[in-house]
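Features reported for this protein in TrEMBL:
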BINDING   HIS14, HIS142, HIS146  Zn(2+) binding site
TRANSMEM  28-44  transmembrane segment
TRANSMEM  56-73  transmembrane segment
TRANSMEM  79-94  transmembrane segment
TRANSMEM  106-124  transmembrane segment
TRANSMEM  144-165  transmembrane segment
Amino acid sequence: VSLLLAGLFSMYFHMTLSYVGQLLDELSILWTLAVAYSFWYPQCYFPKCIKTRKHFFWLTGITTVISTLMSFVKPTLNAYALNCIAFHLLYLTWRELKKCNDKRVHRMAAVMVMWWALAITSWISDRWLCWLWQAIDFPYFHSFWHVLIAMSLLYCCPLVIYFDVTYEMPSFKPKLEYWPSDSWPVVVPYVTLEEPHKQC
């Protein structure tokens, strides 16, 4: 539901380019990230003062409400703040990859980072060099950002699921797969679960 709302509000903002549309777009992304953090943030990375998932829900909720209120103070900084969250996600991915020996997981993380790097380059280029792209009649980098960040998320979500399964469902062995085939240049990644046979 939160992803659907983020998509609808983003569409509204880009159709109207209004201040209200901008806030709806950015706040829906903020709240979507808050929901994701609440449910899937690994418990081993909780601050020492947080003992349970319920306490972490409260911490995430309070932080999100404060961030929401602050977003009205300086709206031009909202997009930069949201993009900075990616650095924390990249740090978490790096921490998890250090504990993982599966080459498929490392490959998927590398592809995710590649798409993200291209996306953030497009976004920064659109923000800081807009005058240049307008001068040469090529104002398309913001649309590139949307496509490229979607590609990055296509790889990010299965990675989050993979790591979540290793923590929350240790009796299962998660495995990354690609549809329609590993050999295709563009694929849709997904996670399968292999339950180990129990010894009698």
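Easy rule for this one: first residue shown is 1, then count along the chain.
Cβ atoms here come from the backbone N, Cα and C positions, even for glycine.
Counted over residue pairs separated by six or more positions, the transmembrane segment (28-44) shares at least 3 Cβ pairs under 8 angstroms with the transmembrane segment (144-165), which defines the two as touching. Take the CB of HIS142 (Zn(2+) binding site) and look out to 10 A: across all protein chains shown you find 15 other CB atoms. Using a 10 Å Cβ-Cβ cutoff, HIS146 (Zn(2+) binding site) registers 14 neighbours. Every protein chain shown contributes to the tally, and the Cβ of HIS14 (Zn(2+) binding site) ends up with 14 other Cβ atoms within 10 Å. What surrounds the Zn(2+) site, by Cβ distance within 8 Å of the Cβ centroid and not counting HIS14, HIS142, HIS146, is the set SER10, SER143, TRP145 from the same chain.
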